Amino acid sequence: MPQFTKEQEKAINDRGHDILVSASAGSGKTTVLVERVLKEILAGTQVDELLVVTFTKAAAEEMKTRIKAALTKEMAKPGVDYRYLREQLNQIDTANISTIDAFCLDVIHRFYYSIELDPSFTILTDDTQATLLKERALREIEGEMLTSKDKAFRHFYDNFAGDRDADSPRDLLLDLYNFAMAKPEYKKWLAQLPQIYEIEDSVIGSKIWQKQIKPYIATKFSKLQEKIASYLTQAIMETKELAKVKESFTLFAQNLNNFVQAVKEDDDYDKQRELLRSCVFTINFRKSKKWDEDLLEFYNEIQSLKDEAKSQVFDTFTSFYAVTEKEQIKIMQESQKIVTAISTAEIKLIERFNQLKRNENLLDYSDMEQLAYQILSQDTSSSQMARDFYQNKFKEILIDEYQDINALQERIIQQIKSEKKNTLFMVGDVKQSIYGFRQAEPSLFLQKYHQFAEDENEHEERILLSDNFRSTEPVTQTVNAVFKSILSTDFGGIDYQKEGQLIFGAKYYPKSLPQASEVIVHEKKNNNEKSENEIDFSEIQMVLARIKQLEDEHVQIFDSNTGKMRDMEYSDIAILTRSRSDNLEIMQEFAKQDIPLFVTDAENYFQTFELTVMMNYLKIIDNPDQDIPLVTVLRSPLFNFDEKELAKIRIKSKNSNFYSALTSYVGTNDVLSKKCKNFLNQLAELRSFATTHRISELIWSIYERTNLLEIMTALPNGEQRRVNLEALYERATSYESAGFKGLYQFINFIDRMRRSQKDLAQPLLTKEAGNAVRLMTIHGSKGLEFPIVFYVGMQHHYQMRDLNGNYIINSDSMGITLREQNYRVDSLVKAMGNITKKQQLLEEEARILYVALTRAKQKLILVGDVPSFNKKVKEWSTELNHAGQLPLINKLSATSPLSFIGPSLRFDRHVAIKLNDITKSIDQSQKILFIDYQDEDTKFIKKDEDTDNQNENTRKSALLTQTVNKLYQFNYPFRDASETTAYQAVSEIKKAFNDPIDAELENSHLLTSTNRYLQPIDTKPNFLYQTKFTGAEIGTATHLILQYYDYTNDSADNLDQEIATLIEQKKLNPDIVSSLNKDQIDWFVHGDFAKDFWKEPTNLKREVDFSSLLSARTLFKDFSDPDAKILVHGTIDGYFVAKNGIILFDYKTDHVNKTNIDKSIELIKEKYTGQLRLYEQALNEFSEKKVIGKYLILLDAKQVVEVK
């Protein structure tokens, strides 16, 4: 941007009051924010007097980098205060330019004493560990409340623990936990949840009815009344042919008016119920074959109105009037008891979870915000001190992406805001608020958006940034065409037509560049094709074909770096999807066509093929009488049963489950029976094995018996598959280490993780993408831009399963379904909650669509499929009203992005759509709509007009057909990978040291999919040689005792006391004690090496976590970038701070060969030298004293070995 617009200037320069900047996509938001910070600094505000809050670490780092660059540029100008600017530049890295979590952590570190918090806490960064601790808390609370004969809790539990979903009570409590943790006063919020159920002897007088249901019904039907009235007054209704239609609608209108009046006047509930019931049967008419075209056309409109009216009446009746008032009161009263029990249980869960974390001195991310708010909000002198500190420290608080803030974060900001001392500068775009699953509340943005516009006082200002400097005019017009029909004050909270439209501002593009946006639609006629929740194979082929075509046409891209035109490259293209579920299939199809594809986020870990197979195998080991898991395993590469074989087995035993059929087929003397017998023998062995072994041992046994690791490694993306399977083994180990047992419980735990979308996958490659097409989710693309964007899966159905469950949680309420003996019925709170939640979900889906479409710089291509294209076009043509808006009822009935896009683009007066059939070689199933933007007064172009353009489009369609027909040969490109992540664990690095002295990896294998340098794991795990506990488990237990050993207690039974304490705290499994070698522990703690520990125990540091940036080439000789750094994370067993330096040590429980002890010790020493050197380097970086000695404590040999 060569210069700032008038509105940008205001956002940069206006001072002295609170400002909300509503910045549309591509409007230069970050540039404006950086320029404002620069102007503040130049005006004398020091950088440490500003608080700049973002919501991601990447955004915070980018902000720092940009501010540094701006300051550096300013310093080069003549006449500036160079010394002052240099001082500000040096402070950027330590300034409060950070995520809100990082700021909260600063608050806790400064004022921990005000809430009596141990300052040596550790941040819990492992989601699995946090989940396991939460699971433990949940099980403890569940067990206590069920055994305490608490009738209310039992009622809650029975209401949700149905035969089909025994985990539903737990799921509810875990879901509620996420909502509660985003609230500033979570206990108060939980305690008020039952209040909305309060009801005495009248439904009409209840809180829920008066505050929510009554206004909703009145508003909903007033719009329908107006619509009906407008039709009844039309002249055509006076014709005798429509006499019955008019009579029917007039009667319906009268009944509806009576009902609405009864609602407004708070008439008796049962009276309202009967009035609404009378509306259902009053609209009844038919059309006549004798009518002319005008009458038939009008009839179609009135028929649509009839359907809408019936639908609204029926939905309202089933939601709010399904039962009598007496029954409704009983449902509300019973529901209130259950919600009270839920609220009580949730508070207990939170408190128990917090206690478990405190016992380990751990904090998780939700703790940071909760504790920071606690510190800042209490009515105490220490809290006042904290508030005063930050209010005096910061002259301005700048919040980026303000639309993503939640209620707790907003309250934290308000605690450090002072009307007299500082101001707020908030910038964001509510149209891009897409993090509802993180409890982001766009309503907070909208509240200020409307308030600041209405007040127009000297204390508050709203600034709109609408100029788009990212996209060409066709892209901005496509975005406007879609969203001016969708976003409105009653859907999305803003009037897009008046205040939200993008203004084309990228005037730097050459005039010859603009290209039409495109919609590519595949007509899906085969019922066997994929569901509407998946991307169709033909859809992928259309994308591939269009890319090939663009490449063959030498499509030109304007390069903003050089200011010149150039040929399109693969890296100019991004493919955006709503979810990651189809990523692997897309990757495989691109590999077949040798088009490079860079995937920024993997498929959901639990949905990968290898994990699906493995989890299903575990399910049938637990219980083989499960048809779907059993058939999945049989069909997998482990056993390779094909469809014919499975059909043959089923035909032989049609009336039994598949396991019985399989067992029965073994008696048949043929090749297939042997195959069945082999499978059943292995299954029987594994089921027996499972009864006497740990889950982790069972998993590894499956890997060994089936060669699963090798089979999956041989498939495309095989190394990633292998790592995913190894990760499952690690998760099982962690699960058992946390004290959990049982295969069934483990399967349920994984299922809950899957349902909550906890992704445990190892990261994919983070190498430079190079010249490759990018594939990413829409959420992953936020903040990015690409010359050409394909948005695929327009038909993908929106997920509304939350509405079908037994509970619904909103920001201010929780609605439940009451379970009676033979039926379930929604409470009024649940019915109203469903309506609210559905609109919230659909509004967010519209905003997600906005983010997707605004990523494109020069060309936007929308791709999807429909069952019947012509039928869809006909539907779309009637949906927009005279103002060019989709009616609210249509928006609330949307099932996919295509529900929004189709009507918007089909009937926009700026858009001419030319429909061309692709030739029969692909079964005429593909349709392409080339969208060209005309002047405002251009009329809609029919198919027989503009022949030249049609011929050109036909030529393009034929070329696309030829390209599709070329896509056949499979030529999978195996590529060597030599990249690594920017993060490495020492436990991984030490595996990679072939030569620990030189720290080289010349002979090691590179596991591409994990993106970490590792040697292949081919050795059997130690537990296969153990009868009870593994060497690793015994070693871990030994480390634990040495970690907590009390060097201030010299009693003879000190060791036994320590062990007993650890068992009591549930940190140590009592069963392992007999396997410990206490003599080894006694040798060390009372030996010469530890004698100084007794003298100065405070100088002894144990289990110290560290993170350190090291040169990549220090670790990996062949790393290409000599300047690259890698973040190394590890845990040091211990070090002692002596007067002259640091003595570093590490316990090792490795077996020492007593027959050749010297050689054995030397091998162990070589094995761990590299690891200790990393620890030494890290300690030297963050400690004032230097390491003067490194030692391995070899417990098995009872020797202390120095490492040079």
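Cβ atoms here come from the backbone N, Cα and C positions, even for glycine.
Bear in mind that the values here come from a model prediction, so they are computed numbers and not experimental data.
Taken from Swiss-Prot, the feature domain 'UvrD-like helicase ATP-binding' applies to 2-472. Under the heading ATP binding site, Swiss-Prot lists Ala23, Ser24, Ala25, Gly26, Ser27, Gly28, Lys29, Thr30, citing sequence analysis as support. If you look up Swiss-Prot, you'll see 500-783 marked as domain 'UvrD-like helicase C-terminal'.
Its own atom aside, the Cβ of Lys29 (ATP binding site) has 22 Cβ atoms within 10 angstroms in the protein chains shown. A C-beta separation below 8 Å, combined with a sequence spacing of at least six in one chain, links Gly26 (ATP binding site) to Asn468, Phe469, Arg470, Ser471, Leu502, Gly505, Ala506, Glu785, Thr854. Looking at the domain 'UvrD-like helicase C-terminal' (500-783) alone, the prediction's average pLDDT is 84. Using the Cβ center of Ala23, Ser24, Ala25, Gly26, Ser27, Gly28, Lys29, Thr30 for ATP, the list of other same-chain residues with Cβ within 8 Å runs, in sequence order, Val32, Asp429, Leu465, Asn468, Phe469, Arg470. All protein chains shown were included, and the count of other CB atoms within 10 Å of the CB of Ala25 (ATP binding site) stands at 22. Sequence-distant contacts of Ser27 (ATP binding site), defined as residues of its own chain at least six apart whose C-beta falls under 8 angstroms from its C-beta, comprise Leu465, Ser466, Asp467, Asn468, Phe469, Gly505. Within its own chain, Ala23 (ATP binding site) has Lys29, Val32, Val427, Gly428, Asp429, Leu465 as residues 6 or more apart in sequence whose C-beta sits under 8 angstroms from its own. Compared over the binding-site residues Ser24, Thr30, the count of CB atoms lying within 10 A of a residue's CB peaks at Ser24. In the three-state DSSP scheme, Ala23 (ATP binding site) is classed as strand. The Cβ neighbour count for Gly28 (ATP binding site), using a 10 Å radius over every protein chain in view, is 21.
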